[in-house]
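Visitor: A single structure is presented below for examination.
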Amino acid sequence: MTGSAPKHFLDLHTHGSADLRAILDLAAEYKRGAVMAEKRRPLEGRTLAMIFEKPSTRTRVSFEVGAKQLGGDVVILDGNGSQLGRGETIADTARVLSRYCDMIMIRTDDPAKLEEMARHATVPVINGLTDDSHPCQIMADVMTFEEHKGPIAGKVVCWSGDGNNVAASWIEAAAQFGFEMRVACPENREPDARVVQWAREKGATVVIDRDPKKLADGADCVVTDTWVSMHEDGANLHNIFRPYQVNGALMAKAKADALFMHCLPAHREEEVTTEVIDGPRSVVWDEAENRLHAQKGILVWCLTQS
Ligand code: CP
Ligand code: NVA
């Protein structure tokens, strides 16, 4: 890409809500297969580079399959198998990859690395998860919610568990899409205060409390995630999170038709019981599928000059 500045997809707070809605509309269009012939292979002749400094199943496969279905190609680097693992800087890697590739997706630990990549790349950079956020996941989650329940604006989503990277992106989504976000979590496991403040300043209702049953009361959706994220040391975390398990008793507090969501991978009988994740209110497989469609929306949006 030359000329105009690249359109990165870095976090849900870095975009206007109209852009996020446009990405969801594109995702739905690709899912329905309703795209015009000239939009069917917009990545023809283009290559997506993906850097994984942490493991992945869904993000890796959905981006690779999505890019290929759009006519593009992919190249995958892992931290240790590339010169990044031997100390080549992110900035230099960004400059070099920009000469070969048309887009870069990076899954890494420190969000500063994502920002460095975006500063030095001359092609769009996409956040495939950092210790602090997971915006691609929440695009797929909002898409999934709306497929089942209609517009998410004005609805109530209750998180029970760790106030982690996925919770942070849910909170940002609450501000962007206009729903109420309630986060039940233990002391010292609260979501990043800067994220909560940003969402509240944008007008979102964000409730943080210790009591999952109180927060799940009347919710349209209950969400959780692993108790031990990839960047965490798991020692002692299981005891802290036990009261936040999503089980039948917690789901009974939510609306009778409330959804259960989880970004996966899941740990049955830890953060969620088998009964709930394999039960009729769980939409976790739709969520996983929608990663594919949402990635297409993100890829095409990044490449479309507005
Ligand atoms: N939900 C998600 O990002 O899964 P992976 O870690 O498998 O990519
Ligand atoms: N919070 C989890 C999400 C995995 C997709 C982690 O960061 O490991």
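Cβ coordinates are placed from backbone N, Cα and C, and glycine is handled just like the others.
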Visitor: According to TrEMBL, S56, T57, R58, T59, Q83, R107, H134, P135, C136, Q137, C263, L264 bind carbamoyl phosphate; which one of R21, R182, R291 is listed for that same site?
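Guide: Matched candidate out of R21, R182, R291, per TrEMBL for carbamoyl phosphate with S56, T57, R58, T59, Q83, R107, H134, P135, C136, Q137, C263, L264: R291.
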Visitor: Select one of N165, N188, N247: the residue that TrEMBL places in the L-ornithine site alongside D225, S229, M230.
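Guide: Given D225, S229, M230 bind L-ornithine in TrEMBL, the matching entry from N165, N188, N247 is N165.
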Visitor: Out of the binding-site residues I have (S56, R58, N165, S229, R291), which ones have their Cβ sitting under 6 Å from ligand 2?
Guide: N165, S229
Visitor: From N165, D225, M230, which binding-site residues have a C-beta atom under 6 Å away from some atom of ligand 1?
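Guide: Cβ < 6 Å from ligand 1: none of the binding-site residues.
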Visitor: Say you check the Cα of S56 (carbamoyl phosphate binding site) against those of the binding-site residues N165, D225, M230; which is nearest?
Guide: M230
Visitor: Between any two of N165, D225, S229, M230, the residues recorded as binding L-ornithine, what is the biggest Cα to Cα distance in Å?
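Guide: Per the listed residues, the maximum Cα distance equals 12 Å.
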Visitor: In angstrom units, rounded to an integer, how far apart are the Cα atoms of D225 (L-ornithine binding site) and C136 (carbamoyl phosphate binding site)?
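Guide: C136 (carbamoyl phosphate binding site) has its Cα 15 Å from the Cα of D225 (L-ornithine binding site).
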Visitor: Which three-state DSSP class does M230 (L-ornithine binding site) fall into?
Guide: coil
